[in-house]
């Protein structure tokens, strides 16, 4: 008898693809009472043990959530600096090339995998049980990201509150100094806690909790504001920036090509690393967001639209940044290279300086810091959503506690908040940088992306997955995707990974403080805690299995568990 897979909307039936190894694919027949509902089960579940899975109220909810997650602070404070540093307009050549051979293929792979398997970042790898460590690895990375990324929001919230004070400008200029961070002499001197920052941190975590606790139905509505409002402020700042004296010189510094830079390996490495950061690849959150799509959603088209929005935002933000930096350089009578910064220094020093020059400075300052808060907030709560989705998918389908989502989100936020308390001390900036440099570094994301491509293309089968995608969207994607997954993208990932490894330099703070050896050990432990999930999980499953590889069904990627349509209806 034939088996069928629904599109998630309950309207059409498609012949089901041979699902991999013990996973229960989202299967609902065209039953009127289950219209718009997705039914999922865990690996090895019985046909009767299924649970309903939410879907987005509108497909635009998914688009806005992806925009909110992927378009974040890195697009505004990291890309423009990299573009200036690596030859101006010339940097767009390696950047766009790696977008098409690395960024879009993996971005599409993660969304399509989640949409097809209707599962979070762990259970999607039921397609290849030996490599389920990929799911655990992404969960570790996104947990670390959720833990330290929110500190930037806490600093932004602090400045939002202080935007209306009389000492606005002096406060802005001391952000990375005494007032907010009050930095101690080293990692070994944590010092006292800042109660103001602690309260700001608590407030931000409470906001994140109430954005996530009810699932995608509420999250999908909140992102309409958090994802679009920053664009309004960026446009306002752009209009103001280009009218400032020195703006033209700043913009030309940003886009003027330096062709000799193309010969430098570091330019290509920076382009690749920025793509993986800004596209939020390897964190598992994109997979979680895709899992709430209708089965027949055209995720192939979505991937290109989202890539255009992401990269376009980065490029546009550069004009905003460098029009302001050009003005600062003209005012101070120095070269732009002396005022160009990346990261928090740019967000908390350069931008506020420009905002303070506008009429009604406190209002513009509040608007600016509110934009920073929105840019980071949607990235943060979608990251938490991805983590919680992966955790909840591990529960048996028969376990359906009324408040299990609310409890899971509360535990996640509470645990991260406790760890974050180490970052609101006088030595907190050293802890923050340790997390940033190691836990979700370029190496961990590249390692994750490499194995994702290898497993889908060579273990599950690139052609097989292309067939699965065709069953969802109604047509086969261009073969370029398959070639990238199988050959090009893994080579790009491992090449940049090895470059990072060979050129590794010990972590420093402001070039003058060198981290102690035990600090580096802690950092490498954080990095390896995610990277080792893949080989350790593989070896564990192999050693625990009895018989040869072909005799063990749950390790064989051709083994399938089916749900008959009649059992669902």
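Every residue gets a Cβ built from N, Cα and C, even glycine.
According to TrEMBL:
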type: BINDING; residues: 68, 70, 71, 75, 278, 310, 375, 378, 379; note: Na(+) binding site
type: TRANSMEM; residues: 62-80; note: transmembrane segment
type: TRANSMEM; residues: 92-113; note: transmembrane segment
type: TRANSMEM; residues: 134-161; note: transmembrane segment
type: TRANSMEM; residues: 193-212; note: transmembrane segment
type: TRANSMEM; residues: 224-248; note: transmembrane segment
type: TRANSMEM; residues: 268-292; note: transmembrane segment
type: TRANSMEM; residues: 304-329; note: transmembrane segment
type: TRANSMEM; residues: 363-395; note: transmembrane segment
type: TRANSMEM; residues: 407-425; note: transmembrane segment
type: TRANSMEM; residues: 445-462; note: transmembrane segment
type: TRANSMEM; residues: 483-501; note: transmembrane segment
type: TRANSMEM; residues: 521-540; note: transmembrane segment
Considering the transmembrane segment (134-161), which listed stretch of 92-113, 224-248, 407-425, 445-462 counts the most C-beta pairs under 8 Å: 407-425
Per-residue Cβ crowding (10 Å cut-off), top of binding-site residues 278, 379: 379
Stretch among 92-113, 363-395, 407-425, 483-501 sharing the most Cβ pairs under 8 Å with the transmembrane segment (304-329): 92-113
Intrachain neighbours beyond the transmembrane segment (407-425), with Cβ under 8 angstroms and 6 or more residues off its ends: 143, 146-148, 150-151, 154, 184, 190-194, 197-198, 201-202, 205, 208-209, 212-213, 384, 387-388, 391-392, 401, 431-432
Under 8 Å by Cβ from residue 68 (Na(+) binding site), counting only residues of that chain that are 6 or more apart: 223, 226, 227, 378, 379, 382
Dominant neighbour of the transmembrane segment (363-395) in 193-212, 268-292, 445-462, 483-501, 521-540, by Cβ pairs under 8 Å: 268-292
Of 71, 375 (the binding-site residues), the residue whose Cβ has the fewest other Cβ atoms within 10 Å: 71
Recorded stretches the transmembrane segment (521-540) and the transmembrane segment (193-212) touching, at least 3 CB pairs under 8 Å: no
Residues from the same chain, set at least six apart from the ends of the transmembrane segment (445-462), whose C-beta lies under 8 A from its own: 20, 102, 105-106, 109-110, 113, 125, 127-128, 130-131, 134, 137-138, 141, 272-273, 276-277, 281-283, 482, 484-486, 489-490, 493-494, 496-497, 500, 530-531, 534, 557
